[in-house]
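Step one of this worksheet: look at the structure below.
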Amino acid sequence: MGKPILLLPLGLSLLMSSLLALQCFRCESLDSTGLCRVGRRICQTYPDEICAWVVVTTRDGKFVYGNQSCAECIGTTVEHGSLIISTNCCSATPFCNMVHP
């Protein structure tokens, strides 16, 4: 009789963590229009993760690369040679990491 009682808190804990998780778009390679060309999926965040997307452009604004994921994320923009790498984060709503070039 003790085992079912012990399993109840574990089940409730798993249910709560899945309810609190955020769903995000996951794509290994976006094109310049924001469409996923490789690896289109949905991911669910783990603790400390949020929805993220990275866009790489040239200094004159030409699109080079983009991706979407669930990740630990800090929004930054970094210049590396002739490229600008923008890391963006969101957690307000599910699938908030949709890319609109």
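Every residue, even glycine, has its Cβ placed from backbone N, Cα and C.
Annotated signal peptide per Swiss-Prot: 1-21, in sequence order. Marked as domain 'UPAR/Ly6' by Swiss-Prot on the basis of a curator's inference: 22-99. Taken from Swiss-Prot, the feature disulfide bond applies to Cys24-Cys51, Cys27-Cys36, Cys43-Cys70, Cys73-Cys89, Cys90-Cys96. Annotated N-linked glycosylation site per Swiss-Prot: Asn67, in sequence order.
For the pair Cys90 (disulfide bond) and Cys70 (disulfide bond), the C-alpha distance works out to 10 angstrom. Each residue of the domain 'UPAR/Ly6' (22-99) gets a DSSP state, and the totals for helix, strand and coil are 0 helix, 45 strand, 33 coil. Cβ environment of Cys43 (disulfide bond): Gln23, Cys24, Phe25, Arg26, Ser69, Cys70 lie under 8 Å away, each six or more residues apart in the same chain. Scoring each of the disulfide-bonded residues (Cys27, Cys51, Cys89, Cys90, Cys96) by how many neighbouring Cβ atoms lie within 10 Å, the top position goes to Cys51. Between the CA atoms of Cys73 (disulfide bond) and Cys27 (disulfide bond) there is a gap of 16 Å, rounded to the nearest whole number. Taken together, the residues of the domain 'UPAR/Ly6' (22-99) have an average pLDDT of 97. Distance noted between the C-alpha atoms of Cys89 (disulfide bond) and Asn67 (N-linked glycosylation site) is 12 Å.
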